[in-house]
Every structure is written in C-alpha cells, then in structure tokens.
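In what follows, a structure is listed as structure tokens, so that the remarks can point back to it.
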Amino acid sequence: MTMGLWLKLLAFGFALLDTEVFVTGQTPTPSDELSTTENALLLPQSDPLPARTTESTPPSISERGNGSSETTYHPGVLSTLLPHLSPQPDSQTPSAGGADTQTFSSQADNPTLTPAPGGGTDPPGVPGERTVPGTIPADTAFPVDTPSLARNSSAASPTHTSNVSTTDISSGASLTTLTPSTLGLASTDPPSTTIATTTKQTCAAMFGNITVNYTYESSNQTFKADLKDVQNAKCGNEDCENVLNNLEECSQIKNISVSNDSCAPATTIDLYVPPGTDKFSLHDCTPKEKANTSICLEWKTKNLDFRKCNSDNISYVLHCEPENNTKCIRRNTFIPERCQLDNLRAQTNYTCVAEILYRGVKLVKNVINVQTDLGIPETPKPSCGDPAARKTLVSWPEPVSKPESASKPHGYVLCYKNNSEKCKSLPNNVTSFEVESLKPYKYYEVSLLAYVNGKIQRNGTAEKCNFHTKADRPDKVNGMKTSRPTDNSINVTCGPPYETNGPKTFYILVVRSGGSFVTKYNKTNCQFYVDNLYYSTDYEFLVSFHNGVYEGDSVIRNESTNFNAKALIIFLVFLIIVTSIALLVVLYKIYDLRKKRSSNLDEQQELVERDDEKQLMDVEPIHSDILLETYKRKIADEGRLFLAEFQSIPRVFSKFPIKDARKPHNQNKNRYVDILPYDYNRVELSEINGDAGSTYINASYIDGFKEPRKYIAAQGPRDETVDDFWRMIWEQKATVIVMVTRCEEGNRNKCAEYWPSMEEGTRAFKDIVVTINDHKRCPDYIIQKLNVAHKKEKATGREVTHIQFTSWPDHGVPEDPHLLLKLRRRVNAFSNFFSGPIVVHCSAGVGRTGTYIGIDAMLEGLEAEGKVDVYGYVVKLRRQRCLMVQVEAQYILIHQALVEYNQFGETEVNLSELHSCLHNMKKRDPPSDPSPLEAEYQRLPSYRSWRTQHIGNQEENKKKNRNSNVVPYDFNRVPLKHELEMSKESEPESDESSDDDSDSEETSKYINASFVMSYWKPEMMIAAQGPLKETIGDFWQMIFQRKVKVIVMLTELVNGDQEVCAQYWGEGKQTYGDMEVEMKDTNRASAYTLRTFELRHSKRKEPRTVYQYQCTTWKGEELPAEPKDLVSMIQDLKQKLPKASPEGMKYHKHASILVHCRDGSQQTGLFCALFNLLESAETEDVVDVFQVVKSLRKARPGVVCSYEQYQFLYDIIASIYPAQNGQVKKTNSQDKIEFHNEVDGGKQDANCVRPDGPLNKAQEDSRGVGTPEPTNSAEEPEHAANGSASPAPTQSS
C-alpha cells in the first residue's frame, strides 16, 4: 500500500515536471488574453488619487504555489506586468479613507512564489518627504493608455516596477519608490495536489514591496537610488548602494538582478528615474484684459531634455477653489503646460493648486492664492439739470457696485458735445459736475461712465442725457459797410454775427446826427437804404442784432452826405476845361524832351563806338576744380575783382544800331526808354494789314551755350503790348515762358497780368485765345498750364507752360542761389528739343532775365566742358541785348550759383524715385568707401560761427542760455520790445534783415530764439530753447508779439534730476507783467498732449488763442522712438495754423509756429526739417533733404548734427510715401513707420553741440569753406565736411 502510494505520488510529480509548471526560473508563455503591455510609471504624489479599473482588469488574481493564497494589490502597490488596458471609458473607485486603489492582473512568474503581504500604505518618510501611492489619478483628462517607461522582463526571474514619491531637500530631491509584490497566474489545469516545498522566502516576495528612494543631486543633475528596508541587498555581485548611483533623469534601468542572503532565487526589477523637480517653475500667464474673470498659470521648464523625458508623460493640472469651496478644474489642451480658468468672479480670492504629473503621478505641487481683478462698475444715471445759457449742472446718484465688483468706481468720465466732443475725468467722490463754456441756444448731449483702475482701466457702460442751453446776448454784426448811392442817401449793409445765440434774426439800424435821434429801422436782413438826408451832414449809423430774446451791442459807422451836385456843375465844368489845357501842355513838353533825348543818345553812341571793345578785359575761363578758390579770391576785399570785371563790360554796344525801337509808332511799346533791342537780332512779328509798327516787340534773340537763339529775352508786357506778346509766343512756337518778376513790386507796376485767371478760364488776345488748364502755387514759383490757339488757323492749340518766379526780392538778389538752380530744374523739365525758344522776361528784360539765362547757359558749359567763362558769356549777352546782367550783384550771383552746383550737385529727389534712389545711395561700392548718402552728408557745410553772436554772448545775457554752444545769430535772433506800441499791433516790417538790425535795437530784450524760414516763404518759424524759470515771462511776451499760434514742445520738464525746461504754464490764470495766460483746456492723445491757452494783454482788447503740442514719446533721445506719432502730431497741428499767404514781405517778423526742446538745437532742428520736407512732398512731390538741412544750419547752431538724424529724414519720408507698382502711394500718417539704420555708429559733425561747455580743438579744426554770400556780408560762411563718416558697412536692404 505504501509502495503504491509512493508510486502514485512519484507519477504525479513527473506529470507536473512535464507541464513545466514547477521549473524554477521559467515563465510559461502568456496567452493572448493575458499578454503583458507597457505600464505607466506612477510618480510621487502628496495626495492619493482615485484608481482606475477597467472591464478587463479583475479586482484580484489567485496563484498556485505555497499555500495557494490569493493576493490583492493595495494602494501604493503597482505590478510590473500589466494586462493590456482597454481604451473604453474608465471607472473610478475611491478607496476607503480617501485613498484611491487600482487593481491590476498579471501572469504569474512562478506558481510556487508566495506574494508579499499587503504594502498598500505609504511608508513613513522624513520631514518634507512626500510618499505617493502608486495609483493612476482619476482624472478623465488623462488617458489610461499612457505609454509606459517599463516593460516586463523576459529573464527567468520575474520583473518588478517601482512606485515613486518625492522629497525636497536642500541638496537635491529625494524620490521614494515602493515595488509591487509578485503576482501569480492561475493555472488553467484543474488543481490536483498542491506541494509546498519552499523552505526559504522568495526574492520576488521580498522585493515586491520594496521602497526605493531617489535622491536628486542638483550639482551634477543625477539621482541616487536607495532600496529601503532591505539589508545587504545585492545588485548582481555588488552592493546595491555602490551600483545605483549617478542615474540620469528620465532614464530607464531594466532587469536589475537583486538578491539577498535571506531569499532565493534572485529576481529582477526595473527602475524609472523621474525628471528633476528644479526643472519646473510656475508663472502667472493671465492677460491683464481678462484678469477680472480668468486665472492662468503656466509651468515653464528649464534645461529639461525632452529627448529623454517624453513630454507626453508630463501632465499639468490646475485646481482653484474660491471661498465658497466650489471646485473648478480646467486643462488647456492646446498649450499643455498652461492651464487657464475662465468665467470666474471678479475681485475674488481663489486658492489654486498647480500640479505636475509624471506618468499620471504627482511630481510637483504648488499652492498659491490668487485674487481676480476689479470688475466693471455699474453704469451711473446722469441727469441734466435746468441749463443756463453757457453752463449746466449734471448730477448722478452714486452707483452701487455689481456683485462681481467689490469696490466702488475709481472715477468718472463725463463727455459733452455739440459739434465737437470734450471730455473731463472726474474723481469718484463727486456726484455732480458743472459743465461750463457752453454756447448759448445749442443742443448738447452728455454721456457719463464710471471706471475702475485695476491692472488696467475698466470702463463701464456710458449713459446719456440731453439738454438745450438758453439764449444769450448775440455777438456784434460783422463787416458793416456804408456807401452813398446818391448825394443825400446812405446804404448800410453788414453780415450776421458769429454767434446769434437765440431763435430769431432781426437787425436794428438807428440813425443819429449831432447826438440826436433821426430814425430807426427793423429788418430780417442787414440791408438798409436811408434816403432824404440832409446834404453835407455827418450821420452816425448804429447797427445791432436782436435774436428774439436779447439785443447785442451796436456797431457804429460815421458817414457824411455829399454836397448838392447841381450847385457845383458850373465850377466843375470850368475846372475840367482848365485841367485839360494844362494836361495838353504837359504832354507836349514830355514829347519834346523825349525827342531831344533820343537824338542826344544817338550822338553819344557814335562818340563811344570805337571804345567799346578796347575796355574789355582778358579774363580766363575757370575750371571746375578751382571754381570755389577763384570765387573766394575775387569776392575778397569787398568783391574788388568782380567789380573791375563787371565795370569793364560796356552797358550798350554802340556798333549795333537801335533804330526800329526808336520809331515814333514803336516808342509807346517800350517800358523803359533806355532799354531797347538791337535791330539785328530783335524778334520780328508778322505784319498786320500793312502796319509797319505791327512787326515790333521789345524782345531779342539770345544764344545759349553753343545753341543759337535758344532764348528770347523780352520786357514784361505792358497793357498795350499783351496782344503782341501772345502773337510772338504763337509765331515763335514757344512752349515755356519764364517770368522772373511779380506784377507789382514795391507799389510799382512791373508787368501786366497777361494770362487769364482760373475763375476767368479763357481770354482772347485778338486772334490768340489763351485758356488756363492748371494753376499750381509753390513757395518760390507758380506753374500754370496754358493752351494757346489761333482763331484763323485750323491747327490744334499748343500747350504752353508759364513759370513765374516769385522769390526775387524787390531790392538786390535772392539770398540763396539754390533757388535759381531749383527754378532751372523746373524749366528744363518742361522744355524739349523740338519746342521753340524759351521766353524769359522780367520787367525790363535785361537784369533778372540776363542772370537766369547766364546761370542756365554756364551750367550747361560746366557739365559739358568742366569749365565756365562767365565774363565772356556776359559780354556775349550784352552784344545781343543791352544791359543784360544789369548790376554787379547779379554778376556775382551767377558765380555763386555755379559754385553751389559744383560743390553740392543735384540733391533733389522725386517721390516716385525716392525708394530706388535711397536704396542706391545706401550702397557702398567698394565696401570700404562711404556710401553716396554718407558722402552727401559729409558735403554739408557746418556754418559754425559763420555770423556774429554778440548779443547772446553779452555778460548779462549768458545766464539766459541753457547751452553756451547754442546761441542765436544776431542777424536772425528774435528781439523782444520792452513796451508795445499802442498805435500798432505789430512792429514795422523791413525789406531786409541784416546783422546790424538786432544790434541797433537798444530797446529790445534778449531771448534765446531764432527765426527759421519755413517751407511757405515768407512765413517763418521760431526755434527756441526751453524757457528758464526767470525767462518764462519773456517767453510768453515773444509768443504774443510774434503772433505765435502753435507751440511745439519736444522735451520733458526734467531729465533725471536735471531740469531741461521750466513749466511755463499752470492751472488757472498766470500773470507776467502786462500779459495774462490762462490754460483753457487739456487733451491727451497717445503720443502728445494738446493744451489750449488764452492770452490777454492789458493794452489789447481781443484775446488770442495759442495751442501747445507736447510730444510725450520723444524722451530726449537723438531720434524719436515712434516716428509715426511725430508725423501724426505734425498733421494735426497743421490744422491749427493759418493759411499760408501767397504774397508777402520777404523778411517778415511774425511766426505762426514756435518749436523748442531743451536748448533749441537737435530735436528742434530735426522737427523743423521734417516739417518742411513733409510740406514739400505734399505740395511738389519732391524732397531735398540736403538743402533743407543746409538752410536750417545757417539759421541756428547745432541742428541735424549727426548722420543718423540725416538718414532718419530720408527714411521717414520714404516710409510715409511707400512705392507701389512704381508709383508713390501716400499712406495714412498713422501707419507704422520702421527704420533701418545703415550705419552702426555715425559720428557727429562739427556742427553738433554738447550739453554745455566750449567746443574742443577737434571741433574747431573741422571748419571748412563756406557757401558763397553776397558782397555785403560782413563775414564769409564756412563749408565743412561733416567729419569722416566711415562706419562699418552694413547689408543693404
């Protein structure tokens, strides 16, 4: 029996061996249903999270082995080998006590192994240590099939995976891991007999619940793993303490063989090293605009290697709980590391927990308190009270805060408008506001809103109310005029008042004589006819306006009736007869004198004829390379050499007869009796009806430079010769007329207006019909497009361009020869090879006409041959028309224009060519040489100390200068009068301005300010320094005396601790001597502040309004930070300036605009240059940066003194007028303007000024040669190269 039982047991044992169930170290091949998959590593977590269970995961798995005990995973225990998780939705099962559990199934490694007991709780940790149960958080935002960092081992021993917890310490982060217990797999074979042969604990069971601590060393960014609660643990053949060191973050160490003396056999575990916690930092990403209803937190990583640390394993969660414990959980799926909560309450405290999960386990947790921003206040309800004529009271109840806003409004914005809107910012402690300065009898709309100032200003909804002001006294009538239609009747007319201030319109006329009432009229229009008055009587007419409620002040005019005409008839008849006789006698005497004078001239010409050629000098032509030196040599000693040359040229060459012009029937066609054309080259017109005099006109053919009869020099047409003039234009086929005079100069008639006006359209001159098609006014000239047709010819009309130069002064010559070079460019643009001669005329047709022709011809010679013979050409001109180039100053002007052109060339650029031209000018070829733009800048004269500065450097005036290097020149400084003359509103204007003008004004006071020519000559600008505290009164006095309309302020009041401009305005009224200044309004834009001032003088009746534009985006840098804002401000302030007058005195002492910065140099100069360039671009479609800057440098020291500023002017114009398809597109001034500086570091030139102190030696030595000036200049100007501008080359765009 015993033997039989033993044999049965032995057979059963072999059967077990045959099924490979009991072989140590072997694992049966898993079935498809139980195939192992990647497992999610569970990272440290301070709070337990709910576990996931799936339909494919049973709650527990039984094993066959020693005792066949059943083991269930507890919280904190995670098996290495997991079944494939179903993608179906998870169910969350919270564990008791708030700890979440998750159950996994695994194929058994060895059926004889006994699982370790429970381990479902976290081991106790050291202070600051957080032990995290190895469970997947119950957040559906994270998929259950998260990729794992560990796989099951195919080795003989079972594979185990660690669970992780973290501890923050000063030297690094300690991470603790619990290993899961070994799992068994239930056999599919029916159990027969369980044999327990184990005498020693298995290593799989011992290491199943092992705790692994990860200690982070921030110094080398590695981890050290420590197997807790196991003594003498062996990893392979070495102690685990020596092996598990210097582990890289996010690394995977698989199949580590671990064993111990008290267990067998050895097993393997996998380690999943987490990332370092110091790689994460929490930041607030809430937009200010949404800060009242949103919270946004963003985790940022630093030096985290995502090639090792898969970003898919890192998740971010944000929990925010308000005071009412409502829990809000959001996750931004588009930006995983950013979490944002919306639709929150304003001004509410939230406690937010921001977490990072590594493979679904908390790695980092931050708890912060966040308060949302203030909410939008409630809309106040305004009430418009009973208005008066010019004010009303607006009141409103104090608004109650909305539930989501915990604070009251911080202020209110009240706006009211009739045609234009004005707004006032009010504090939050007011509930009413009196709106003043309203217009009577007008409809107004008031809007009111409340606002709070949180992170940004939040405005509530505006509520409106309306009111209508009451009537008030009307203004006086305008333009009252009186006239006498008959000897004893008076017509009285007037215009309506500026403001009627009432519902109706009545005009009242009261007539008085000798203080007694005569009569009274009432009418609805201001046209009164008063008759039946006494003859030769003085009357007083009073006209007032009545608006139905009030009557305005009366306007008074005095008028007298005439004598009775019938009583004077006999006397007048007698007087007419006597006057006629006397007039006939005078005319006969004049005729007789002219006849005698003509015969005397013929005799004189015959006497000097043989001496004409002998008095000429031998003057050599001048080569271009010595043109400047030759000019300086001849202009020296008050132009002695020029005078000698000019006086050697005969005024009239007597060998050429002048008989036709002296014929009796032609004498009335000559404007001047001594300026007549030679017979041999006069222009002959076609004869009309056998009239011999019809062929004559005072005009001569003039040869150009190697081009015969290129010009016709003519006198300015008289009223009697206008028809002949147009006949000459038609017959000579001329297409260009150059007029170098104004019709009237100095109250003298210089030329008849021989063209139709734009209003007239067409005018006939006998058979010639002239039609005007276009009229364009520019500062220095007027261009008119005319069509000329002949009534008797079938040919179509011809296009004729008429160019009138308007900047030639009444006396002398133009100050700047560049003006004539500019005129020449315009003329040559309209002339062509196939057209007839260019007709040039002034008044007499010799002085200015000869000067222009001489400049044009000599420039052609300079360009063709590189040399000029001015003397020889002027002699040639005199041989073709007497007195050509009439005075010495005109002869010198020709040389000056040639020097200007030879030194500086053509610098004007059309807007259509600006972009391509600027692109080429910035190129360097070769790269070591300056670009053409740099070379152009270097050619700019410095003009430093070119005129005297005596007044500003006087001892008593030095303290009035902010910068000793920026002192106005005497010739154009702005003088201040001590006392205003009551009889005149402005000071007398002189025809010229010289250095001595200011010096001789003993009654004038000094202020650091200079007159600067604006684009629209003769209008001026004033460039000034920022006022000092002791000169504020003088500053306002200058504004009043010079009738300034706009002040441009380009500086702050202080720069750091240094005052750069005194605050010359204040609240309320400020008094400065006889001046009273009151700030009426302030409006702030994004780039500037607009203030409105009212100026009153004790000796003047009417106040003046002055506007101040303070640029707030130019903080003292060399260039403005936002150029587009500066352009926008210029466009706005131009609306405040008066219209430019087409005519006026050249040297005009009023300025509509005053510009100042700290010392009136760099920012002021750049602004003035930009202002003039924008006007030129808008008017003429051309810009000339070089000439604009040169003109400003002559007017004030220190302007546009660096290459960067010079290039800025080109760039900003190019940005405002971008090219599109080859055409210039005028863009909105608000478009963004960007600049690319072509030079790394430009050097300032000799014209630059430092904040204070004298010029150094290098600056003194940078002086050069000056621009030519007229001989009456006391000092010569300088021409200075602007230093060596050779910065490192940059890549051209």
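Placed from the backbone N, Cα and C atoms, the Cβ positions cover glycine too.
Per Swiss-Prot, the substrate site holds Asp810, Cys842, Ser843, Ala844, Gly845, Val846, Gly847, Arg848; the candidate it also names there, chosen from Gln784, Gln880, Gln886, Gln896, is Gln886.
Scan Swiss-Prot for phosphothreonine across Thr57, Thr1267 and the hit is Thr1267. Residue-level annotations in Swiss-Prot identify, among Ser86, Ser1286, Ser1286 as phosphoserine.
Among Asn220, Asn910, the residue that Swiss-Prot annotates as N-linked glycosylation site is Asn220. Comparing CA positions across the glycosylation sites Asn255, Asn260, Asn292, Asn349, Asn429, the one lying closest to Asn313 (N-linked glycosylation site) turns out to be Asn255. Within the set of glycosylation sites Asn213, Asn255, Asn260, Asn349, Asn429, the entry lying nearest in space to Asn292 (N-linked glycosylation site) is Asn349 (CA atoms). Other C-beta atoms found within 10 angstroms of the C-beta of Asn459 (N-linked glycosylation site) number 14, with every protein chain shown included.
Look at Asn429 (N-linked glycosylation site): DSSP puts it in coil. Remark: of the glycosylation sites Asn213, Asn255, Asn260, Asn292, Asn429, the most isolated position is Asn429 (fewest other Cβ atoms within 10 Å of its Cβ). Counting other CB atoms no more than 10 Å from each candidate's CB, the glycosylation sites Asn313, Asn349 peak at Asn313.
For the pair formed by Asn213 (N-linked glycosylation site) and Asn255 (N-linked glycosylation site), distance between Cα atoms is given as 18 Å, rounded to the nearest Å.
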